[in-house]
């Protein structure tokens, strides 16, 4: 199933809020539509957010041409898209790449600039697919035959340009013939695990079991989990990692039970400008995502709601970070810095 495609000057994205029971597409004709797709979680996952934002810049520059606006309008478009979601660093990384292309080409004709922006967006997309495969290959070396793997949220093809980061590792292990089983946290409140990860695994024939988030510790105590693999939305220089809310709790449980805890992410998810997780902004989303379930109110009006979308897992709880350039072990600050030099 194609989950996004740019064709006929439109970006068409699969509405992931409707999966797995409805297959509905959202058409982005303008950069404002792209903002909505990111902000409202029609699409999600740090790498995919970056790709979609890049195509948003393309749509924005198309509008500049059609309305005969000054090319400098692109800076407003870049800032607008940057405000869609604050935590995933791939968003800012992709927008910075698009900005650089524009600034190097700004003396060319608008049509030439448009072509170069389109080429860069496609390049970001194509690179991500290749990067995911490499992440999977490196991560597969950590997966033992017969491993029971726990994952959280969705870090699969639906969250990336294709194949996935955490699920890329799982796919590589499965396709290599390893007899693995995946436990999938449902991942409240958006249920990305139950709706998306279980869907992807089932489509590939990978054995999986969906569990409620609060069951993970019990499974670990029973000896049913051999490792935990999750994705990431932003990684600090010291290895602290922001990922879907609930990841921190899993890391604490895994550390207590002596279970390896792996982060799987492209180098573009590393923010080399921040030293620790304390500098990562944590997005808070609408109370209604918790107040309502399947369109029905389940929380009393008198009760307050706290709905952070992410938490930060400290580096000391992380066994290794799997990237396209290899597996990074502690000391993270030293070894992450080396990645930039490679």
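The backbone N, Cα and C atoms fix where each Cβ goes, and this holds for glycine too.
Computed from a predicted structure; not experimentally measured.
Taken from Swiss-Prot, the feature substrate binding site covers 44, 45, 46, 85, 192, 243, 244. The site 'Transition state stabilizer' annotation in Swiss-Prot covers 153. Sequence annotations record features per position, and here Swiss-Prot assigns active site, proton donor to 233 based on sequence analysis.
Site extent for substrate: among the recorded binding residues 44, 45, 46, 85, 192, 243, 244, the largest C-alpha separation is 17 Å. For residue 153 (site 'Transition state stabilizer'), the nearest of the recorded positions 46, 85, 192, 233 in terms of C-alpha separation is 192. With every protein chain in view, the residue among the binding-site residues 44, 85 whose Cβ has the most Cβ partners within 10 Å turns out to be 44. The distance from the Cα of residue 244 (substrate binding site) to the Cα of the residue listed as 'active site, proton donor' comes to 8 Å. Residues within less than 8 Å, Cβ to Cβ, of residue 46 (substrate binding site) and separated from it by at least 6 positions along the same chain comprise 88, 89, 90, 91, 159, 231, 232, 233, 234, 265, 269.
Under the three-state DSSP scheme, residue 85 (substrate binding site) falls in the coil class.
Within 8 Å of the centroid of the Cβ atoms of 44, 45, 46, 85, 192, 243, 244, where the record puts substrate, the same chain has further Cβ atoms from 49, 88, 153, 154, 155, 159, 231, 233, 309, 310. Listed in sequence order, 154, 155, 158, 159, 160, 231 are the same-chain residues six or more apart from residue 45 (substrate binding site) with CB atoms under 8 A from its CB.
Packing around residue 244 (substrate binding site) is summarised by its Cβ count: 27 other Cβ atoms lie within 10 angstroms of its Cβ, all protein chains included. Long-range Cβ contacts of residue 192 (substrate binding site) within its own chain (separation 6+, distance under 8 Å): 44, 153, 154, 244.
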